[in-house]
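Sequence annotations record features per position, and here TrEMBL assigns coiled coil to 207-234. Under the heading domain 'GGDEF', TrEMBL lists 262-393. Among the features that TrEMBL reports, transmembrane segment is placed at 42-60, 66-85, 97-115, 121-139, 146-166, 172-191.
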C-alpha cells in the first residue's frame, strides 16, 4: 500500500514525481502558467534570432552562405511562431516539453553551420552557445531531462564542428570543459527549481486533501447532529413529533396565543379497533397503519397545526389560533379524510377510522397534561358513543 510520501516521491535526477498520475496532475495544474511563460520566451527568442540575423548581411553579403544562414533563421522563426500559436489551444505542449526541445535542437543546427560559414566569429559563437545552454535550463520552461538532452546535443555538435574545422585535442578538451560548466550549473539550478515547484504542489495537494477531509468531517458531524436532533424530537416509527417536542411547541404557542388574546385547542385521536388489526394482520400491518394515518394527518392539517404521537395508536393535535368550534370543523374534516382512505396490504385493503376528543385550552391551564386529560375524557365518551366521531370537552 502506497503511503503519502511514496505518492509524492521525486526523482533525484529528473526533478519529477515518480508516480505518473501525480506528475500528470502537476503538469495539468500548471500548464496554463507554463504556456504563458513559454510564449514570452518564444517571443524573446524570435526577436534575438532576427536581430542577430541583421549582422549576417554586412559580413556575408549576397552569397550562398548568407542564403543558408538566412534560411535556417527563417525556418527556426517559423517553428517558433507555430509553437507560439499552438500554445493558445494546446497549453499541454508547454508541460510536455517535446515541442520546445525539438526547436532547441533545430536551433543548435544553425550554430553548427555558423562554424563553417563565419570563421571570423568562432570564439563569439562558442560564448553564445554557452549562454544558450544555461538559458535552456533557466529561461525556457522545459523539463530537466529534455533540456539536458538538448544541451548534450548542442555540446556534441559543437565539438564535432570544431573538430571538422581542424582544432586539436587540447582545444576540444578546453571547449568541452567550457561548455560543461554552464550545463552542470544549469542542470542543478533547473533541478532545484523543478523540485521546489513540485514540493509546493505536493504541499498544496496535501493541504487541499486535509481541507476536503475536514469539510467532509464537518458535513458528517452536521448530518449526525441533525440526525440526533431528529431522533430526539421525532417518533421513530411515524416521523411525527414526540412528546417532548410537541409539549415544547404547545408551551410556546400557548404563551403566544395568551399574549395575542387568541384561542388554542388540543385534540387526542385514537384509531378504532387497532388491537384487532394487530391481532388479525400482525404488527407489521399495524405499524403500516400508523404510518398511513400519520402521513394522511400531515397532508390534511394546516401548516400552523402541530401533530405528534401520544403513544400506541394515539395522536395529539395542537391547533393554534383556533377556538373549539373551529377546531371541531378542522378535526371533522380530518376524520372524514381518514374514513375515505384505504390502507393497501398484500391480502387486500383495510379501512381505518378514528375517534377524536377535543378540548379548548383554558386561560388558567399552564401545562399540557390537564388539557390532554380533558380531551382524553371526551375521547372515551366518543368511544362509548360508537367510535368514528369528534367529541368536545
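Just so it is clear, glycine is given a Cβ too, placed from its N, Cα and C backbone atoms.
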Beyond the flanks of the coiled coil (207-234) by 6 or more, those residues with Cβ under 8 Å of it: 240-242, 244-245
Same-chain residues at least 6 beyond the ends of the transmembrane segment (97-115) with CB under 8 Å of its CB atoms are 38, 49, 68-69, 72-73, 75-76, 79-80, 83, 86, 121-122, 125, 128-129, 132, 136, 140-143, 146-147, 149-150, 153-154, 157-158, 160-162, 164-165
Long-range environment of the transmembrane segment (172-191) - Cβ separation under 8 angstroms, sequence gap at least 6: 13-15, 126, 129-131, 133-134, 136-138, 144, 147-148, 151-152, 154-155, 158-159, 162-163
